[in-house]
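Participant: I'd like to ask some things about the structure below.
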C-alpha cells in the first residue's frame, strides 16, 4: 500500500503549481515575424523610397523607309535584269556594283498599246535595220508559233473575212464549209476512203460477245468383243489358277 501512495519527485514537481516564467515562451521553430525582417536582411529587403521617382517622357519615333526614285519608263519588251547580266561580261572585273547600276534602265523601244497591229511581214521588213541582234533573236522566238501560217503563204491572211477552223472542218456541214478559207478547204474536197471489208462485231471479247456455237464431235466406235472370245479367255485363266493351286510348295 505504501508503494502505491508514494510518488516520485518528478511526479510531485509536475503536479505542483507552476511558477510564472519571467521570459516569454519561445516558438519551437523560432520563425521571424514580418516586422523583424528589415533589420535582419537589410541588403535583400527593399529600401523605402526617400523621394518620388521622376518620370521620364517616352518619345515614339516612326520608322519610314527611304523612298527610291525610279524613273518612269513605259513597259519594256524585256526585263532589265536580263540585259544587266548580259552586259556584265564586257565590264571590268574590279568594278563594284552600286545602286545606280542596279536601277539603271536600258533604252528599249516600247510598243504603243493603242495602235492597231500591222502585218507581221511588213513590220519585220521595215524594222530589221533598227532592231539590234538580241531583239531580232527574241522576235524570232516569239513568232515561232506562227511558222505554219508563213508556210501557207499570204492566201490565208489575204481573206480576213473568211474563217479557218484549223483542221476541225470535218465537224461542219456542207453549208458551213462555204465560208471556210479556200487554202484549208482544198484538202476537204478529197473523197473519204471507204473500207472494203464490211464492219462486223468482234466476237472474241470474253464476257461481252455471245458464246460461240459448240460443234458436235463424233465419237469413235470401239470394236465389239464377241462372247465366245470372252469365254475362251476366261477358261484359259481358270486353268492357270488351278495348275498353280496343285503345285506342292515345300517350306523348310
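Quick reminder: no glycine exception, Cβ is built from N, Cα and C everywhere.
Quick caveat, the model's predicted, so the values are computed rather than measured.
Residues or ranges marked as compositional bias 'Basic and acidic residues' in Swiss-Prot: 86-104, 124-140. Summarising the annotation, Swiss-Prot assigns compositional bias 'Low complexity' to 105-116. Feature annotation from Swiss-Prot assigns phosphoserine to 33, 35, 75, 79, 83, 107, 154, 209 (among others); the stated evidence is a large-scale study or a structure entry. According to Swiss-Prot, the phosphothreonine annotation covers 98, 111, 115, 159, on the basis of a large-scale study or a structure entry. According to Swiss-Prot, the region 'Disordered' annotation covers 1-48, 72-142, 199-222. Feature annotation from Swiss-Prot assigns region 'C-terminal Sororin domain' to 230-252.
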Participant: With helix taken as DSSP H, G or I, strand as E or B and everything else coil, how many residues of the region 'C-terminal Sororin domain' (230-252) land in each class?
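Facilitator: Reading the DSSP string over the region 'C-terminal Sororin domain' (230-252) gives 16 helix, 0 strand, 7 coil.
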Participant: Over the span of the region 'C-terminal Sororin domain' (230-252), how high is the average pLDDT in this prediction?
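Facilitator: The answer is 88, the mean pLDDT of the model over that range.
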